[in-house]
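Over in TrEMBL, the protein carries these features:
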- Asp124: active site, proton acceptor (ACT_SITE)
- Gly8, Arg70, Thr71, Gly99, Glu100, Gly101, Thr102: ATP binding site (BINDING)
- Glu100: Mg(2+) binding site (BINDING)
- Thr122, Ile123, Asp124, Arg159, Met166, Gly167, Arg168, Glu218, Arg262, His268, Ile269, Gln270, Arg271: substrate binding site (BINDING)
- 2-292: domain 'Phosphofructokinase' (DOMAIN)
- Gly101: site 'Important for substrate specificity' (SITE)
Amino acid sequence: MGILTSGGDCPGVNAVIRGAVLGGDVAHGYEFLGFKDGWRGVLEQDVVPLPRTGVRGISRLGGTILGTSRTNPLVGKGIEGVRASVRRNGLEGLIAIGGEGTLAAARELCGQGINVVGVPKTIDNDLGATDYTFGFDSAVQTATEAIDRLRTTGESHHRCMVAEVMGRNAGWIALHSGMASGAHAILIPEHPVSLEQICAWVVSARDRGRAPLVVVAEAFAPEGYAAPYAPRGLDTFGRPRLGGIGLLLEGELQIRTGIETRATVLGHIQRGGEPTAFDRVLATRLGLAAVESAAAGRWGTMVSLRGTDIVNVGLEQALGELKVVPEARYQEASVLFG
Ligand code: F6P
C-alpha cells in the first residue's frame, strides 16, 4: 500500500499515517511505502519504506514525516506517471491524505482505474462530507491561545487588537477561536458586514472600558468590497494567496474610530505544531478506517466523520459540498459582539 500526504500540512497527518500502517500491518499484513512530498514523490519515484518501527511515536508530531507539496498529478502526463509508479512499486493502491485538490485528483485517478482511498485533511474544516476535519481543533486551539495573548497586551495599552486567522473558503477557525476568546467582533466571508458596523462594535466595547478585540478570517471582505483582499499573487493552483485583510482593517478602524489599533496575521502558526488530543484520536481513527476501506476494496471513497462514526463517502459526493458557516451559527455568535 502506498501512502502520500499532499497539499498544505495539518496537525494530525502523522497520526493518520501511523493509524494506517499499524492497522494495515496487524489486520491485513500489508507492507507500506511512503511517497515523499505528495504526488511529486509518486511521479518521481521518491519513495521510502514505512515499517511499523518507522511510525512509532509520531502521532503527537506536527507536520508530516513524508513531506508535502502542491504538485498536481492531473497536469501533463501525470495520470500515466502515477499508474506507472503504482505498477513499478507493486502497489494494490494508494491512501492519499489531502485537501480539496488532492481528493479531486484521487477521484480522477480512480476514474482511470487507479485504486485510491482519500483521507480529508484541512485546518479550514470546510469539507461538507465530514463533520470535522482533523487539524481544525488544533488550529483553533493555537489561534485561541494567540488571541488570548493579544488581549492582555491590548488591555494594557487600551488598544483595539485585530487577529487575522486562516480560512480560504469558510470562517470556521474565526468563528470558533473568536467565540472561545470572547471577541467583540468576528468577521467571516460568509457574512459580509460594513466597516461602519465593525466600527460600531469596536466603539461599543471601548465605551464599556474594554480593549476591543476583532477576529477576522483571511477571506473576509467588508460589505461593498467585491473580492477578498489578496495582495500576494497566486499559489501553484492559480488561486489568489489570501492574507492581509487584518492589516487593512487596522488602518481603517484606527482612522474611523480614533482608537489606536494593532493587527496580527497569525498565518502558518496555525498550521504548525503538535495536534490536540482530539485531532490525534480523530486522525488515528481515519487512518485505521482508510486501510480497512482499502482492504475491503472501497476505492474511490474517502473516510469521514459522521457524528461519532467513521464512514465512507464516495469522492464524487464528497467533493460536491463546501461546508460554510451557516447563518444561524453566525447569528448565535453575534449576540456576543460589541
Ligand atoms: O487550506 C488550508 C490553508 O491553510 C488556508 O487556510 C490558507 O489560505 C492556505 O492553506 C495557505 O496555503 P499556503 O501554505 O500554500 O500559503
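The backbone N, Cα and C atoms fix where each Cβ goes, and this holds for glycine too.
Heads up, TrEMBL stuff is auto-annotated, nobody curated it.
Here the structure is a predicted model, which means the values were calculated and not measured.
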Entries of Thr71, Gly101, Asp124 (recorded positions) sitting next to ligand 1, with Cβ under 6 Å as the cut-off: Asp124
Top Cα neighbour of Ile269 (substrate binding site) in the set of recorded positions Arg70, Gly99, Asp124: Asp124
Cβ packing number for Asp124 (active site, proton acceptor), 10 Å threshold: 27
Rounded to the nearest Å - Cα separation of Arg262 (substrate binding site) and Asp124 (active site, proton acceptor): 25
Farthest-apart CA atoms of Gly8, Arg70, Thr71, Gly99, Glu100, Gly101, Thr102, residues recorded for ATP, distance in Å: 13
Integer Cα-Cα distance in angstrom, Arg70 (ATP binding site) to Arg271 (substrate binding site): 15
Inter-residue C-alpha distance, Gly8 (ATP binding site) and Arg271 (substrate binding site) (nearest angstrom): 8
Arg271 (substrate binding site), number of other Cβ atoms within 10 Å: 20
Binding-site residues near Glu100 (ATP binding site), in sequence order, restricted to Thr122, Met166, Arg168, Arg271 and a 10 Å Cα cut-off: Thr122
